[in-house]
Amino acid sequence: MSEHTPSLTQLPEWQVLTRHKQQLANTHLRELFAQDPDRAQRYLAEGAGLTLDFSRNRLTDEVLSALTNLARACGLEQRRNALFDGDIVNRTENRPALHTALRQPAGTEVRVNGQNIVPEVQATLARMEQLVSAVHSGQRTGHTGKPFTDVVSIGIGGSFLGPKLVVRALTPYAQAGIRCHFVANIDGTDVQDILRPLNPETTLFLVQSKSFRTQETLSNSLVARDWFLNNGGNQRAIARHFLAVTTNIPEAKAFGIDEENIFPMWDWVGGRYSLWSAIGLPIALTLGMPAFRELLEGAHAMDEHFRRTPSERNLPVIMALLGVWNNNFWGAETQAVLPYDEYLKYLPDHLQQLDMESNGKRVTQHGQPVDYPTGPVLWGGVGANGQHAYHQLIHQGTRLVPADFIMPLTSHNPVGDHHAILFANCLSQARAMMAGKTLEEARQELLDSGMDAMQAEALAPHKLIPGNQPSNIVLMDKLSPGRLGALIAAYEHRTFVQSVIWDIDCFDQWGVELGKQMGNEILPRLKGEAGGATDSATDNLVALFRAANGV
Ligand SMILES: O=P(O)(O)OC[C@H]1O[C@](O)(CO)[C@@H](O)[C@@H]1O
């Protein structure tokens, strides 16, 4: 396996790309389109029902081939095989990362420590199916015999963001009228707002925590349990109303959840890759098992595409390589994700954890500091709302902002011309970012509007739009469970490929631990249960908090 010795930036393949960047430094995307009429047809990749148009990147055939050479030199093929084969790819935690096994068809094999894990995955799906059908048919009811109407999923990070994205994205497929709510934040407002209108007799709680040690989730679960007990519930009834998904069965039992109501998780699934496991129960309970299985099938189709397609036609590989190109060679520090579909509202939130928790790393897999930027700041929101907020900075600010536009070609809610207008907005934004407007065009436009020459001269620089901003457009026929599964899996693989190039561990997250540790030290001081000093800035605010709360 290639291990980037001595450094990624010393590889000959990297040097070739540095030279390509210098050669292209003064070439505008407009020129690349003008010189190359077939560009749009050539820079298309298709996989698992998704189409990626990557023509609006600062890319030539030579650059694309140099990028794929870099991927090869970094050992992409071996690392990808290691990922799918269940090798230890998360070295700092000594684990495989087998989210792909969660969407493997029954009857296939993936071995961990010599044992095939697919049957266990399938058995868990079968248990989920039983639960979902019992809840939907009314066979499993609340403790007073009433059918469940609401599911409250309590979890944070990967035990929250993926299910929330999917439940919202696939609203048109919702079945049986089950409403799903998500409590994540350790803020009384979040949990209270959600519980207040609910009926405890018809509410099913899912405590979602891989570790069953996460402070936010455990505190919110205690609030939910007290609310249930104080509103007509009783200890025995907890068994009917509280389920858990976790690897930590003893802690879940200690919380009061019956073993038969605990669904397994495995340490070979990372939290941010876990929506495909029983952590997906909010999805299955809201949409039904057929839709959940279709989601898995879509993701599996993307796994197969990723595994078997040559890099130059491989959708997630191309997305990853373009990210490296923009980030490491052109200095982009962010990546915008702009879904042009209201249902994909929570996609940027999910991708923030997926990408930034995975690739926000500063040492190589061997603990050597990197001398190149790694994961960018990922952000975004639904189009066209963003056009009236942050797109101005993309058009005329000083930063390079690569963007991914994502849009289904058909709408679940066709209303008048809405969908065509939305698509026109998506295309026009990508085009404006690519082409921009020259000073001469701005000046001419002003003169044509009847402005005198002096005024036009003064105003034209304000109307100049440099363009040359790279973007991708990802299209699908419609936002179905299968296409959504493929889309999320494509981003998972994009993240993985980038981690291979950067030689970092994309499956650990040691950085988040320090804040948790410090929080545990500060909390007793806020409550007046411990003294001691931290730093003067923290101590000042601890004192302010205590005074405000009468501690
Ligand atoms: O599912 P758990 O164990 O409660 O963890 C929740 C989240 O906390 C983290 O460990 C840190 O944010 C995430 O990786 C994880 O998704």
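Each Cβ is built from the backbone N, Cα and C atoms, and glycine gets one as well.
Because TrEMBL annotations are produced automatically, they should be read as predictions rather than curated entries.
TrEMBL has this to say about the protein:
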ACT_SITE  E357  active site, proton donor
ACT_SITE  H388  active site
ACT_SITE  K516  active site
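Looking at H388 (active site) and the residue listed as 'active site, proton donor', their Cα atoms lie 29 Å from each other.
Counting other Cβ atoms within 10 Å of each Cβ, the active-site residues H388, K516 show the lowest value at H388. A straight line from the CA of E357 (active site, proton donor) to the CA of K516 (active site) spans 15 Å. Taking the Cβ of E357 (active site, proton donor) as centre and 10 Å as the limit, one finds 22 other Cβ atoms among all the protein chains shown. Secondary structure at K516 (active site), taken from DSSP and collapsed to helix, strand or coil, is helix.
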